[in-house]
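Participant: Residues or ranges marked as active site by TrEMBL: SER169, ASP325, HIS355. The domain 'Alpha/beta hydrolase fold-3' annotation in TrEMBL covers 90-237, 287-358.
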Amino acid sequence: MNSDIPRGVTNSTKLHVVHGLFVGIAVVGRILHRLGICHQVNFIRWFVACFLTGLNPVPAGLRVKDTRFSEVPVRVYEPTTVCDGLRRGLVYFHGGGWVLGSIDSVDEVCRHIATESDTTVVSVGYRLAPEHRYPVQLDDCETATCHFLSVAEAEFSVDPRRVAVGGDSTGANLAAALCQRLARREDGHLPFPCAQVLIYPALQMADFNLPSYQQNHAVPILFRGRMAFYFLQYLNGDVSVCQDVLEGNHVPTELRPRYKEWLSPSNLPPEFLARGFCEPPAAEYDGEVYHAIKAGLEPEVSPLLGDDAVIQNTPPTFILTCEYDVLRDDGILYRKRLLDLNKDVTWQHVTDAFHGVVNFFNQGCLSFACARRVVDAVVDYVKTL
C-alpha cells in the first residue's frame, strides 16, 4: 500500500495523513477478519460511519427526511424557500466501489447541492457488495429513480422533466449505466432524466493501463489494483483473476480492435500524456478469465463500451475529472464518445484534485479546499437544468 503523492496534489501532507489512516483501518480490519471477529468490510464501514462521517444539524432553509422509495432507502433534501412553479430534482448515487459508502457519506454534498442550487435532491441507499452483487445496485438505483419520477410533481412539487441523475465514482457509473438502460427501453411511461452528472466516473473495466492508470497507480485514495478489485467485488467476488484483469487478459481478441477505437490514448488531449505513458505488452487472452467476468464488459457495468445507438439517446452530460485519479481518462474518453455523437457535454477538469475528494467536503480538519471547488462546479451545472 505504498503511496505516491505528486507535488501537484492539493494539501499533499494532509492526503498522506488520510492515506495512513485508511491503511491503518484496513490492517485492523484484516486482523479482525482473520480472528473471525468480523468481516474486514464491515469493520471499515463501521469505522467510517462512526468516526469519519459527521452528521451536522440540518441548516435553515432545508428539510431532510429519510424514507423509502419502493423499499429502497433514500434521503430527500427539500429546500423550504418559496419557489415560483416546480423545482428541479437530482437523484444522487454515492460512490465507494459498490462496497463502501452510504447516504450518510455524501450527506454534506447533497445538502450543499440542494441549498445552493435550490434543487430537491434524493440520495439513494442502494444495496452493497459483497452481500449483493451486480445488478442489484443498478436495479435499486433504477427503482428509486423511477419511483421519484412517478411522484415528483404530486408529492415533492418537482418537475419530472427536470430531474437529473448523478453520482461520484462508482455512483457515477450507476448513473451512466442507468441512463443507457433507460435509453434502451424507451417505454415512454415516465419522463427521461434531463441530464447525467458524472463526478470522476468509473466507466470501463476493459483497460487498466490507460495513461491515468499508469500515472496515478499509487495516488490515494484509489489505487489501480483497488479499482480492479472493486469491479470484481461488484460482479462475483472472484479476486483470484485480479492480476489477469489488470494485464488485460480478460478481453477477447476479437473485441480488442473495437475497444481500442474508444480507449486509445490517442483520443486524449496531448497534455494528459505529458506525465508519461508506456504502451503495455500485448495481453494474452484467457477464456476462463473472460467467462468469469464477462458481465463486466457489458455496457451496464462499462458504459464507455456502450453502442453508439444507445449513447446517442442519453441525456446531456456533465463530467468532472481530477488530474490525480486513475479514473481520469475514463471520463475524458466518455466525453470524446459523446462529442463524436454530437451530444451536449460539459466537462470540468480539476488540476490539483484526487479521486474521492468529495468525501472530504465540509469534513472539518479532514476537508480539502479542492473539494468545495468540485462540489460548486456541480452546483453551477445543476443550476442550468
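Even glycines carry a Cβ here, placed using N, Cα and C.
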Participant: Could you tell me the C-alpha distance between ASP325 (active site) and HIS355 (active site) in angstrom, no decimals?
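Facilitator: So the alpha carbons of ASP325 (active site) and HIS355 (active site) sit roughly 5 Å from each other.
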Participant: Give the sequence-ordered list of residues that share a chain with SER169 (active site), lie 6 or more positions from it, and have CB atoms under 8 Å from its CB.
Facilitator: GLY95, GLY96, GLY97, ILE199, TYR200, PRO201, ALA202, LEU222, LEU327, HIS355, GLY356
Participant: For SER169 (active site), what is the secondary structure state per DSSP, taken as helix, strand or coil?
Facilitator: coil
Participant: Count up the helix, strand and coil residues in the domain 'Alpha/beta hydrolase fold-3' (90-237) according to DSSP, in that order.
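Facilitator: Result for the domain 'Alpha/beta hydrolase fold-3' (90-237), in helix, strand, coil order: 68 helix, 25 strand, 55 coil.
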Participant: Across the domain 'Alpha/beta hydrolase fold-3' (287-358), what is the average pLDDT of the model, as a whole number?
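Facilitator: A mean pLDDT of 98 is what the predicted model shows over the domain 'Alpha/beta hydrolase fold-3' (287-358).
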Participant: Could you tally the C-beta atoms, other than its own, that fall within 10 angstroms of the C-beta of ASP325 (active site)?
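Facilitator: Its Cβ shell of radius 10 Å holds 25 other Cβ atoms.
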